[in-house]
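*Asks:* Quick one: the structure is below, and I'll ask about it shortly.
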Amino acid sequence: MASAEDAPKRAGKAQRPDEEAYRIELDQISRQIDSIRESMNKLNESKTKLTGDTPKDAVELKRRELRAQIDELTKKRNEGNERRNATLEQLKALQAGIKKKIETLKGSRGSSSSDDIDRKIAALEQQQQSGTTSLIEEKKIVAEISSLRKSKKAIESVKSDAAALQSSVDADKKAVEDCRAALDAMEPERNTNRSALDEARDALNALDAERKSQSGSMKSLYDERQSLKASLDAAFTKRKEVQDAFRKRKDEYYEQMKVERAKRAEEGKKRKEEYEQQKLAKDIEKVLEAAEIPAFSDEISIADILIKYLTNTYISPPSSLSNGSSSTPNGSTTAPAPAVPSTPSRSVESIPDGAVIMKKKSDRMDDDFLMLGKAKTPKSSKKSGGVNGIGGIGSNSSGTPSSPSKLRLDFEMISQFSKLKVDLPSSVGDVEGTVKVLKEKKDAWLTSQAEETVKNKEKAEAKVAQLKAKITAAPGSPAAPTSEAAAAVAAPESPEVKESAVAADTAAE
């Protein structure tokens, strides 16, 4: 079976290590290790059978006891030998003394008498006194005379001590017999000690022979055990190598995955940078488009809408209700809102975030309106069944339309006044003054429109330069959309003004 290292690798893509193959290979090695351990256990059983039930320490203790016994018997033997040797030395000394004394006795009996020695001395002295001898011969005569005199003394001493010497010889012979008796007495103990020593040595030799026999078998068992141990170590080493190789491949796989994730993140980052740069390019285009719109266009458009609405509704209402008039939910009628003056087209994208396009008037309920002033309804209108409303356009008995007696403005319309910073009319009578103020503001805006448009273009060019600088920034510094870029999109007009224009256009429909 192929090892885990032989797992195929797909080029260009991180390949996860084959964990199943790795587990199978580990199982094979584990079974091999178990088999080797089982063989080692059987080897240990064979070793136990070979050595027997007697522990190794007991055999060694027996050997030590035998060695101690042998040492003790050897010591006793040596001590007995020392005593025997001393007795033998004593015996030899006595025998030598007896022999010498006997020879002395024999010599004393066979030597010349003292008279013969005297005659020899007298002859030598006569020869010396004759004067015929030389100096050398005279010296020899003197020495011989001296020797004869000493022999005479010895002979006389021996003869006097012969009885004592014979008694000494008899005593020495008795001591010799005692020594021989002592030697005979030592022999049984010596033989016993020798036998015990031989037995101890035989037992020790038997143990050594058995030990030597076991040693040969133990050596073969030891060699076999060493071979099994080498196989076991090789199996453990292989298992460790397989584990290390799998761990290394796993680490490489995760490292490659990490690199791929980093690469994908970098690619995503680049795509994001490209998107942000494209977005900035679009922002530049929007800024340039917004700069081309004349200044105060929205304010002027809202002012026109408000002027036309107030004029057509409260100052100069239409002559007939059929000319585009509409009925309110409570029965009153209102004049149609003036047409919105043509202004540069605005795309939906220019609507600020959070702005809500208003519904048409016909789609809203009365609670969207604010009533200003006090309603005065003539009695004739009730009797004649005319239009009865809180405010709005009615008709008299002759059918001629009349101006509303009560000022009616919705909340969106009120907000347009607030954005243009113009005070709301408090009643129908204040409408003409309000229209006059709106016209004055419109004229002021038209007067400064060209100059303000130039300023807006300059601001837009500065914003465009900033955005272009972000586009040309280094790759390490991606152009991220900021609040500044978002604000540049709205230049030169604020989102509130655009929202007001859209809402006013909707209200005028």
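Yeah, the Cβs are placed from backbone N, Cα and C, and that goes for glycine too.
Pulled from TrEMBL, these are the listed features:
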type     : residues : note
REGION   : 1-23     : region 'Disordered'
COILED   : 26-90    : coiled coil
REGION   : 185-222  : region 'Disordered'
COMPBIAS : 185-213  : compositional bias 'Basic and acidic residues'
REGION   : 317-353  : region 'Disordered'
COMPBIAS : 317-345  : compositional bias 'Low complexity'
REGION   : 374-405  : region 'Disordered'
COMPBIAS : 395-405  : compositional bias 'Low complexity'
REGION   : 473-509  : region 'Disordered'
COMPBIAS : 473-494  : compositional bias 'Low complexity'
*Asks:* Where else in the chain does the compositional bias 'Basic and acidic residues' (185-213) make close Cβ contacts, counting only residues six or more beyond its ends and a cut-off under 8 Å?
*Replies:* 59, 62-63, 66-67, 69-70, 73-74, 76-77, 80-81, 83-84, 87
*Asks:* Can you give the mean pLDDT for the coiled coil (26-90), rounded to a whole number?
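*Replies:* Averaged over the coiled coil (26-90), the predicted model reaches a pLDDT of 83.
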*Asks:* With helix taken as DSSP H, G or I, strand as E or B and everything else coil, how many residues of the region 'Disordered' (185-222) land in each class?
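*Replies:* For the region 'Disordered' (185-222), the helix, strand and coil counts are 38 helix, 0 strand, 0 coil.
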